[in-house]
Amino acid sequence: MDTSSSEDYRLPDLPRYVRINTLKIGLGGANQALKETGHFLCPDPKHPGHRAYYRDADVPDLLVFKPKGQSDVSRIPMVGRGEAIVQQKASCFPALALAPPPGSTVIDACAAPGNKTSHLAALMQNRGCVFAFELNKRRCELLCEMMEAKGASIVVTKHASFLDASPDDPAYAAVTHVLLDPSCSSSGMSRTPERDPTRLRELADAQEELILHAMSFPAVVAVVYSTCSIFEMENEEVVRNVMRRRPDFTLEAALPWWTRRGHLLEVGEASTAVEGLGAVDAPPPKVAKKGKKIKGGSGGGGRLAVQEAEALREVEAARAAEIARCAVRSAYPDDQTIGFFLTKFVRRDAISGEVATLPVAQELAAKLAVLAKMRAKRDKLPAKLLAAAHKAAATGHAQDGAAGKSHTNGEIKAGLTDQQTIPQWRVERDEQKKKRKRPQSSG
C-alpha cells in the first residue's frame, strides 16, 4: 500500500522530496518553474535558504527541499498542476527496481493513492498498460483522479482485490511485471516502532500470499516486493519463505548503486520442505546436530540422514546470503529517508547469464544440487522396506528373523508412515546378526 503521501508528517525532520512528473514536464522546465516562484538550485544541502533545493544523487528526476516547517512544497504551483509529485525518496525505489520497459503490461497490486503507479507510467513513457488494483472504493476513486491529473493515460484502475484477479484471465495474459507494495506494519515511518508478534505474523502471511499470487501469472518475469517496515519477519523472512516454495524464481540484486543491503538471517533448525524436492524424512522427529549421529542407528541410513540435514542447512545459509546481497534497505535517519525494504524476484528462465553466474547464486545452486542428489538416493529404497514398515505398523512390533525377537526402537515402531521406512542398512545388519547366531552343525 502506497503510504508516501503521509510519511513526511510522521518524520518531519526528513527532507521533503519532489519527483518531477516527466509525463508533463522535464528537468529544465521544472527548474524554470521553480525559479519563477523564488526557489533556486543549490548543490549544497546545508544551504540555509528555505527556498534552496538540489537534485538527489540516487533517484533521477527527484528534487530535495528543506524539511517540513522550513519549506512548504505542497504550495509549489508545479505540484498543484500535476507536474511534480511530493514523494519520499525510498518510495521511488520500487518502480526504479522493477524497471518495466515501455510497451510492457504491468500490475500494481496495491496501488492507491498512486504515487508509485504514476512513477511506473512515467518510466514506461505512457506506452503499454498498468493495471492498478485498489479494493477500497474511496481510495480507488482518488486513484482514478490522481492518474488523470498526472497524465498517466496507460493506467487502468481496478476496484478489486488483486487476489481476485485470475491468472487465467486473458486480460492478464501479457502481464510481465508486478509491483507489490502491500499493507505492512509501517514501522519504518515511526521514531519508536512497536513490535506486535501476532500482528506481524498476520501481515507476513498475507504478504507471502500476495507474492505467490503475483508469481502465478503465466507471463510474469519480475516481481518487486517492498514494505515500509524494518522488521525481518515482514521482509527477509517473507522472501526466504517464498524462495522455498517457488524455486523457479530467484533474486536479482536490485538497485546495485545503493549500498545498504538486506539483513543476514540466522540459520537455525532448517526447514524440512524446500525447493519442491520433498520433505526430510529422517531423522524424525529432530534434525541431527552438525557432526553428531542420529539416535537409533549409526550405519549408512543414519549417515545419509545426517548428510542430508547438513546439506539442507548449507542451502539455508546460501539462501540467507543471497537474500542479504540482493535485497535493499533504507534506514531512518541515516539515509535521510524512511525505513524501507525491497527485493526483486525474477523467473529463472528469464534471467541473463550474468545474473545466473554470480558467485553467491552459483553457491546456492550447487547446494541445491547436492541436496537433490541425496534425496534421490534416499527415494530409491526398495519397495520391500516399505512393506516391512507397514507390517510393523499393523502388528505394533517387528519380528527379528528366525529368532522371533521383537523390539521397538527409534526406527521400527507402531505408526510408521510411508515417509518413515526401515533403512536398508538396518535390514542388512540384522541379516548378518542372524547368520552369526545360527548354531553350527556338529556334522
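Cβ from N, Cα, C; glycine included.
All TrEMBL annotations are machine predictions without curation.
Annotation source TrEMBL lists active site, nucleophile at CYS228.
When secondary structure is read from DSSP and collapsed to three states, GLY114 (S-adenosyl-L-methionine binding site) falls in the coil class. Residues or ranges marked as S-adenosyl-L-methionine binding site by TrEMBL: CYS110, ALA111, ALA112, PRO113, GLY114, ASN115, LYS116, GLU134, ASP181.
Sequence annotations record features per position, and here TrEMBL assigns compositional bias 'Basic residues' to 434-443.
Annotation comment: TrEMBL describes 6-348 as domain 'SAM-dependent MTase RsmB/NOP-type'. Per-residue pLDDT, averaged along the domain 'SAM-dependent MTase RsmB/NOP-type' (6-348), amounts to 89 for this model.
Summarising the annotation, TrEMBL assigns region 'Disordered' to 396-443.
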Looking only at C-alpha atoms, tell me how far CYS110 (S-adenosyl-L-methionine binding site) is from CYS228 (active site, nucleophile), rounded to the nearest Å.
-> 14
Site diameter for S-adenosyl-L-methionine, Å, by largest Cα distance between CYS110, ALA111, ALA112, PRO113, GLY114, ASN115, LYS116, GLU134, ASP181 | 13
Among the binding-site residues ALA112, GLY114, LYS116, whose Cα is within 10 A of the Cα of CYS228 (active site, nucleophile)?
-> none
What three-state secondary structure does DSSP assign to ASP181 (S-adenosyl-L-methionine binding site)?
-> coil
